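Worksheet: one structure, shown below.
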Amino acid sequence: MNFSGLINDFGPLTVTGLAQGAIIALFALGYTLVYGVLRLINFAHSEVFLLGTYGCLIAWGWFGLDQNSKAPNFGAMLAYMALGLVVAIVASGLTALAVELVAYRPLRRRNAPPLAFLITAIGASLAISETVGVLTHRNQRGVPPIIQARTVITIGDTHITNLQILIVVLALVMMFVLDRFINGSRLGRGIRAVSQNPDSAALMGVNKSRVISLVFLLGGLMAGIAAVMYDLKIGVTKYDAGFLLGIDAFTAAVLGGIGNLRGALLGGLLLGVLQNYAAGLFGSQWLHAAAFVLLVLILLFRPTGLLGESLGRARA
Amino acid sequence: MAIIGLIAGAAACNKDTSSSSDTASGSNCGYKLAYFGALTGSAANLGVNIEQGFELAINQYNKTKGSDCITVAKFDSQGAAEVAPGVARNLVADKKILGVVGPPFSGESEAADPIFEAAGIPTITPSATRVSLSANGWKTFHRAVANDDAQGPAAAAYIKDTLKATKVFIADDQSAYGAGLADVVKSKLGSLVVSSDKTEGDGKQTDFSALVQKVTSSGATALFYGGYYTNAGVIRKQLTAAGWKGTLLGGDGMKDPGLSKASGVAAAVGTVVTCPCSPPEAAGGTFVNDYKAQWNVAAGTYSDVAFDAANIFLQGIDAGNTTPEKLNTYLSTVNYKGIANTYKFTSTGELDPTLIKVWAFKFDQSGDAKSDVEIKTS
């Protein structure tokens with residue numbers, strides 16, 4: 001164990017971990033929202049994210065941008081960011097809606113058992129990711145340098161870049177907006193109602209199908225934003241990018257308390273930071289193992305996650 | 001029947017070349033040399049480079065000996081270990097085949113070489129570098145390049161003597177190839193290594209921020225990564241984004257334009273990879289132009305070695321070694337100066353240690369690794 005290494009690099013490991021954790025948190029929201037309403041783990045959410053990572057790359061490609069392009073000036077950067085976000089959000093949002101319409105809704109109509117949902121979820125996930133794999137020849141695709149990483153704040157040995165700040169701030173803002181939407185708007189009230197008791201909600205005049213579509217769409221929007229941030233931070237995407245980060249995101253959702261929005265944020269940030277600490281302390285080969293051991297330990301003492309399972313219940 | 005066929009073939013060839021003053025050369029015709037390796041499949045490009053070098057040598061030989069003196073036989077293994085044995089059995093059934101150039105890859109070699117060994121057909125591989133291939137006691141196995149053991153010391157020598165780095169960070173992807181290579185480099189560099197780390201394998205990790213942080217804070221000016229181009233491209237990109245300006249180095253697993261496709265060319269420029277191969281453009285004689293004229297593409301990695309391997313066989317056949325057994329015995333004593341190297345085999349079929357060549361290749365603005373210097377290790 002390398003304690004001195006961890007202590008020396010504590011600041012930088014925390015900062016890079018928070019940035020990674022913020023992406024995981026945005027991604028995790030999709031799992032948590034759908035679970036909160038349907039009690040269903042939407043495994044295809046990883047591909048909702050995946051198509052977002054390709055969506056913005058394709059949009060930037062329209063303007064001739066590839067991994068070898070020069071970083072654009074400030075004005076162009078803002079325009080490209082706006083475009084990338086919009087296209088990624090549309091790509092992810094439409095994918096989420098399509099998955100719900102094709103893979104889940106027909107099963108719900110027939111009152112299929114939960115196992116059937118699980119299998120179609122995994123099936124949809126594999127079908128999309130393998131199709132992307134075949135279409136891209138399973139090659140990596142490099143991301144153009146839309147935002148040139150630049151140190152803007154220095155605290156001791158810790159350099160914080162513009163990109164890291166953007167990722168964390170964007171995640172916090174989106175989380176706040178989503179939280180307000182669920183807890184403060186009329187549509188959000190519908191989501192909470194279906195989450196608490198679908199049948200009563202339907203009797204009270206809530207359109208259940210529309211609420212479910214809305215929940216998938218919201219998860220897709222968050223995944224689209226996460227996808228753009230991922231592209232900019234990691235620098236490449238590949239047909240299995242969603243699967244890899246999806247495991248982290250799902251873990252974060254469980255860690256924070258699945259079905260709980262604030263839990264997803266807490267779980268994501270915690271997981272991102274803990275993975276980096278584990279890498280610093282034991283070496284990067286322990287990155288995943290150490291984080292998951294900790295997950296098991298936390299669940300032993302708090303089986304419903306750190307903040308508990310709730311989408312509607314806690315503040316109903 | 002086979003013998004009658006051979007005599008008839010030799011006689012037929014004799015007529016064409018009766019004007020030749022050399023007593024032995026004109027008569028040894030009517031045989032086949034085989035290429036065994038990928039011609040289709042995901043790794044086809046690597047195999048085609050080799051096959052074209054091999055075929056060029058035979059075409060040139062036939063120009064002096066008569067147009068059908070030695071016939072080219074091609075066997076497509078698809079580069080796959082599970083396909084190779086069946087194809088190899090087809091090959092050994094053809095009794096006119098005296099020798100095989102290939103198989104190019106280590107996996108298919110392990111699957112097909114026992115069949116060639118049982119049939120007594122000599123093979124020369126121009127590119128399979130797994131060390132253990134020569135440890136099977138095969139009498140017919142010959143390797144015309146250095147094995148993986150040669151790369152580690154060469155990479156260490158490059159870091160010390162050419163790059164003159166004094167602080168080196170070592171990382172690997174925990175694969176048999178990557179970890180093995182990194183361990184050799186680490187032990188050869190000794191006190192120059194400031195720290196080390198490991199990553200997950202290809203495609204199992206995309207966020208390397210912890211590794212990047214360790215490299216940056218270690219003060220290292222060079223990072224040796226034992227692994228493949230997929231991870232290396234992402235690592236290079238994230239290192240550059242974090243402001244690290246040192247040199248990334250690796251073995252032949254990183255010698256692929258895929259590295260710069262992930263990282264972007266600007267970040268990849270200057271990345272150094274070692275390879276137990278000579279740059280094709282450095283081959284002697286008229287090979288580079290001849291190859292281009294025949295195939296309309298530039299010679300690729302190991303094209304030149306395959307050309308030499310075919311010529312080693314042809315020289316042996318020309319000297320009257322017209323059975324696989326005789327040709328194999330001839331290989332044990334051969335000392336052939338080709339266009340890429342001089343070839344002499346040890347008793348296990350390895351290239352003589354004094355003849356091993358390892359080159360450093362450097363990524364440039366084209367996005368591909370171009371020859372830099374030959375590394376002297378001895």
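In case you wondered, yes, glycine gets a Cβ from its N, Cα and C as well.
The transmembrane segment annotation in TrEMBL covers A:20-41 (among others).
TrEMBL lists A:48-65 (among others) with the feature transmembrane segment.
Distant neighbours of the transmembrane segment (A:77-103): 30, 42, 44-45, 47-49, 51-56, 58-60, 63, 65, 71, 120-121, 123-124, 128, 146-147, 212-213, 216-217, 219-221, 223-225, 227-228, 231; these residues of the same chain sit at least 6 beyond its ends, with a Cβ under 8 Å from one of its Cβ atoms. Residues annotated as transmembrane segment in TrEMBL: A:77-103 (among others).
If you look up TrEMBL, you'll see A:115-135 (among others) marked as transmembrane segment.
As annotated by TrEMBL, transmembrane segment applies to A:163-182 (among others).
Residues 22-24, 26-27, 29-31, 33-34, 36-38, 42, 45, 48-53, 55-56, 81, 84-85, 88-97, 99-101, 105, 166-167, 170-171, 174, 178, 181, 187, 190-191, 193-194, 201, 237, 241, 245 of the same chain, all 6+ positions outside the transmembrane segment (A:211-230), place their C-beta atoms under 8 angstroms from a C-beta of that stretch. According to TrEMBL, the feature transmembrane segment maps to A:211-230 (among others).
Sequence annotations record features per position, and here TrEMBL assigns transmembrane segment to A:250-274 (among others). Within the chain carrying the transmembrane segment (A:250-274), a Cβ under 8 angstroms from the stretch's Cβ atoms is held by residues 13-14, 17-29, 31-33, 35-36, 41, 171-172, 175, 178-179, 182, 195, 290-292, 294-295, 298-299, 304-311, 314, all 6 or more beyond its ends.
Among the features that TrEMBL reports, transmembrane segment is placed at A:286-303 (among others).
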Cβ contacts under 8 Å made by the transmembrane segment (A:163-182) with residues that lie 6+ beyond its boundaries: 15-16, 18-19, 22-23, 25-26, 29, 147, 149, 152-153, 188, 191-192, 218, 222, 225, 229, 232-233, 261-262, 265, 268, 311
Tertiary contacts of the transmembrane segment (A:20-41), as residues 6+ beyond its ends and Cβ separation under 8 Å: 48-49, 96, 104, 114, 117-118, 121, 167-168, 170-172, 174-175, 178, 191, 194-195, 211-212, 215-216, 218-220, 222-223, 225-226, 229-230, 233, 245-246, 248-250, 252-253, 256, 258-261, 263-265, 267-273, 275-276, 309-312
